[in-house]
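Quick look at what TrEMBL annotates:
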ACT_SITE  TYR145  active site, proton acceptor
ACT_SITE  TYR155  active site, proton acceptor
BINDING   GLY13, GLN40, ASP64, VAL65, ILE92, LYS162, ILE191, LYS192, THR193, VAL194, ALA195  NAD(+) binding site
Amino acid sequence: MGIMNCKRGLILGLANEYSLAWGVAQALHREGAELAVSFQGERQRDRVLDLAGRLEISKIFECDVSNYDAIDQMFNEIEKDWDSIDFILHAIGYSDRNELRGRFIHTSLNNFLTTMNVSVFSLTAIASRAHRMMKRGGSLLTISYFGAEKALPNYNIMGVAKAALEATVRYLALDLGPEGIRVNAISAGPIKTVAATGIGDFRQIMQYCKNASPLRRNVSIDDVGNVATYLLSHWSDGVTGEIHHVDAGFHAVAMPSDFDFDNAPFDEDSYNENA
Ligand code: NAD
């Protein structure tokens, strides 16, 4: 008996076997969930069909979340077979990769609006449609990043979007709580995926996080999948409005424990001036 037995839900954001959504789908499947998946466009179809087949998923929908009619159509299709739904994973983000490098001040209005629409508003658009099917309560989960809380180079407009996404989690939690619907986010550490490699100097960001994290490693899609399954299951029935870090502890420290104090540059004169 898995912890997701008798639960069914929809996964948005599966592109390939590197996607965080794939880590979550596998963990949910292992725990007995019945799944439906959506993908963004024709280019992803064959790969997503293959992945879905491996988990015996037959409900597969094409849905660009910037198209609200497509969201409606998808839920209409789901409702034909399922009279209710227990959970949704929203693992979607997009921004023009040319603006995920260089100076933040060069963010264009057009890309600001697109990034906010696809990466942030889509959660509310999905929630407004899904909550009607969550008759026995439910769980919504999205994926954020530490760039929502602290600024880092290159993440730029995506950091602003993730901050808005985390605020959206809290407002949806407040709004949907009386219906027994919980809304949470995982703030994942850097993982090599198609979306992530669009961020400038991503390899170095990953290495930096590994070196500075208490656990001295990067996290995997399986790490994210296991925590996501807990947040989508009844094991987290008392948890909502939460941003749960799955980042090997990176967010919790200001300096790595093996910082090389002996060899770090040190200016004796300026230290004495400030003493
Ligand atoms: P990914 O490229 O595998 O997944 C991104 C998904 O977003 C893809 O399936 C893509 O098709 C989908 N998408 C983009 N625009 C869409 C649209 N208009 N309509 C429908 N779908 C759309 O990359 P990922 O890293 O698995 O990203 C999943 C989520 O995790 C994103 O929100 C990302 O910001 C977040 N995240 C990733 C990392 C990381 O390091 N990989 C860390 C923290 C948070």
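For all residues, glycine too, the Cβ spot is worked out from N, Cα and C.
Distribution of TrEMBL features across the structure.
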| residue | record | Cβ within 10 Å |
| --- | --- | --- |
| GLY13 | NAD(+) binding site | 25 |
| ASP64 | NAD(+) binding site | 16 |
| ILE92 | NAD(+) binding site | 25 |
| TYR145 | active site, proton acceptor | 25 |
| TYR155 | active site, proton acceptor | 24 |
| ILE191 | NAD(+) binding site | 20 |
| THR193 | NAD(+) binding site | 23 |
| ALA195 | NAD(+) binding site | 23 |
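Calculated from their C-alpha atoms, the gap between GLY13 (NAD(+) binding site) and TYR145 (active site, proton acceptor) amounts to 16 Å. Residues GLY13, ALA195, taken from the recorded positions GLY13, TYR155, ALA195, are distinguished by a CB atom under 6 angstroms from ligand 1.
A straight line from the CA of TYR145 (active site, proton acceptor) to the CA of TYR155 (active site, proton acceptor) spans 10 Å. Checked against TYR155 (active site, proton acceptor) by C-alpha proximity, the binding-site residues ASP64, ILE92, ILE191, THR193, ALA195 yield ALA195 as the nearest. In this structure the residues listed as binding NAD(+) are GLY13, GLN40, ASP64, VAL65, ILE92, LYS162, ILE191, LYS192, THR193, VAL194, ALA195; their two most distant Cα atoms lie 23 Å apart.
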